[in-house]
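Taken straight from TrEMBL:
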- B:95-296: domain 'ABC transmembrane type-1' (DOMAIN)
- B:12-30: transmembrane segment (TRANSMEM)
- B:101-121: transmembrane segment (TRANSMEM)
- B:133-161: transmembrane segment (TRANSMEM)
- B:173-191: transmembrane segment (TRANSMEM)
- B:227-253: transmembrane segment (TRANSMEM)
- B:273-299: transmembrane segment (TRANSMEM)
Amino acid sequence: MQEPDTLDVHKTSMSIASVITNHLGGTLLTVNADTNEIESNLAESYQVSEDGKTITLKIRQGVTLSDGTPLTAKVYKDTFDRILNPETGATVAASLIGGIQETSAPDEQTFIIELAAPSAPLLRNLTSRGYLQPLSMAAIEKHGADYGRNPVGAGPFIFKEWVTGQSITLERNDDYNWPHASAKNQGKAYPDQIVYKFIQDQQTMLAALDSGSIDVAMEVPPKDVQRYRDNPDYYVIEAERQGLGLFLEMNLENETLSDLNVRKAINMAINKDAIIKAVINGEGTPAYGPIPSAVFGYDPNVESYGHKLNKDEAISLLEQSGYTKNSNGIMEKDGSELTFELSIMTQHNQAAQMVQAMLKDVGIDVNIQSLEAGTLIEKVSQGEFQLSFLAYSYIDPDILYLLFHSSQIGGLNHVRAQNSELDGLLEKGRTTIDPEERKQVYAQVQEIVVENAYWAPIYAEKVFFVVNKRVQDVKLMNVNLDYQDSWVKQ
Amino acid sequence: MKHFIINRVLSGILVIFGISVFSFLLIHFIPGDPVKIMLGINASPEQVEKLNHHLGLDKPLLVQYWQYITNAFQGDFGTSLKTGRPVLIEILDRFPETVKLAIFGLFVAVVIGVSLGIVAAKFKDSFIDKMCTAFATLGISIPSFWLGILLVLVFSVKLAWFPIANGTGFRDLILPAFTLGVVASTMIMRLTRNGMVEVLSNDYIRTARAKGLDDGLILFRHALRNVLIPVVTVIGLQLAALLGGTVIIEQVFNWPGLGTLAIGAIMSRDFPLIQGIVLFMGVMYVTINILVDVLYSIIDPRVEMGTKEA
């Protein structure tokens, strides 16, 4: 894993910082691992008003931060105020609570959030790890600029030491007795300490795992997973990543790609299973819509109406649009061949070559253009591309607003979709609080995105953790590891 | 002597000036808008403008360079974009670990290089000499990262003798230092061997032999001391090369030195940090080279003469 930038959760934008700080703090709400529904946690109950603009949370009593500050509604209010204060420079934390107008703490236990408009993603954001944990203003004041290396929180572990370039050590919080409801162990955690070691190179990380220098390896590459499954000394924990590991974007402003038949034909020419097998060793799921099953709002029907591999149909769609195969085997219309440029970053090279061959089979010629990541992202966001590969991860279907709403052209709406029906649904999805109703909205969104074939979705990835059997009962929570019930065999 | 030192220092300053210009321009070589690339896809125009201002990129180039260089002279290399900590502190946190690794690697190189060199010279043209030459050829041709990975595989994974990514103690130091040392030892070995062979054919050695002196005494007291002068210079130069050459080894062994810091900085597009490391390493390299030159001229006065004539 990488070394985090800081453990000040308001200032970091690195996911590893949220993984580590999650042991140091807690979340107001949590997600049930089995049902994917929202449950209470540090807030023992929560209530959303009729108009959806006010959220009232009752803060759990008897919780103390590691510097002795008791957890009250005021602590939460100060924490949220700090995030919303532009001087803090909060990035991820601020985006997670975007839309909050103000918060108040009328008494010790009641924490009230006022919103400008109802926000469905907010409740789920309140479950995200690390970033929104309650902080001690006294500790922040005491340590000043060094707070990021001396964090304080209300979690099962307490920050002990950060050795630059090497490791971060957390030790058990012996006063802790407020774990999430689904943990078997409702008291303090079993492990005495957790040491996070920064190992940049994945193969070095696996060598460290093999040699016993570390017990848990995070983000293990799919190609290495099988040998640990076959090894009785280890166990593999896997989760579906929230997001898509690979999809093909098509620029709608390109004249050829503005033809729906062409976009559908591209969808039908791609063999997702073959790509999964070659690129991620078969450790993934084919994607038919813009969100994977691990994200709330996923509509399983997408598997039946989504575009499937069908070369004949792809060819006939192209023929319907007036293309005919020329002597080179390439589709041609009015004397010009059907040729695209596929812009990628080097890591997607293998998948790009496969797609190139697959499209060639139906008479579409593809040139691969490999670019440096920063340059690629700048180009695609400005619409200077034809086809491009991308991946994303996000916990809420609201990501689709960023990817397809017409206001996001120039940003993440790389395909430059301008569909007023879709815009309306994406806006509705943001403000619909009722989970069932919200699911309906996103079911429609998925259908429109698939019908219009803005993308060719390819696969959803898995995340793999490999654990030495010495360490027992490591569990998965919200795509991350939880050590509340874990213990070490001596 | 004085003239020689002044000369070396002046040319050193010139090189450092070149490095400073290069590391300063680094940020301007990047295609596209570097600030946008640093901030990623979701950056708002305000954020871009703020960072542009923070980095001083909205000012004319010459003004920027002047500010960069005057700040650097006061020890201010800017702040790391990633951690928000001063670049100099980030560098000084890691530098001792790199020095530790380089010095220990050099120690291994000298021990292997000098002893094999003596053995090879003693048994000149024999099987042992050929084996030593083969070792030197191998050592110089093996990529150091490959040797490192091999050692990790054998001694850490299979035999579990040495830990990986476990800290920077003595046991953690052995494998990376050995990897560095083997590669660096080859030059020292060749130099020692050739020097010894030459010296051993001299008249005074024959005289010593004729006197009936012990072989070991001849080898170490009479021959080796004369061979060591060029070897010492190479050792000095190797130290400078080792300090810069640990980048790959540090990555393989996850050693928390300047090399891993540099790679991390490149990965996270932390330009102030990259600039700082390039400048810092450049200054280190030049300084060590000057020191070696000066030392050499003290040990062997002929060096100074040579420069004057040139």
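Each Cβ is built from the backbone N, Cα and C atoms, and glycine gets one as well.
When each of the listed stretches B:12-30, B:133-161, B:173-191, B:227-253, B:273-299 is scored by C-beta pairs under 8 angstroms to the transmembrane segment (B:101-121), B:173-191 comes out highest. Away from its own ends, the transmembrane segment (B:273-299) comes close to residues 1, 4-5, 8-9, 12, 15-16, 19-20, 22-24, 26-27, 72, 77-78, 80-82, 87-88, 90-91, 95, 229, 232-233, 236-237, 239-240, 243-244, 258, 261-262, 265-266 of its chain (Cβ-Cβ under 8 Å, at least six residues beyond either end). Fewer than three CB pairs closer than 8 A are found between the transmembrane segment (B:227-253) and the transmembrane segment (B:12-30), and contact between the two stretches is not assigned (pairs 6 or more residues apart). Away from its own ends, the transmembrane segment (B:133-161) comes close to residues 116, 120, 175-176, 178-180, 182-183, 185-187, 189-190, 245, 248-249, 251-253 of its chain (Cβ-Cβ under 8 Å, at least six residues beyond either end).
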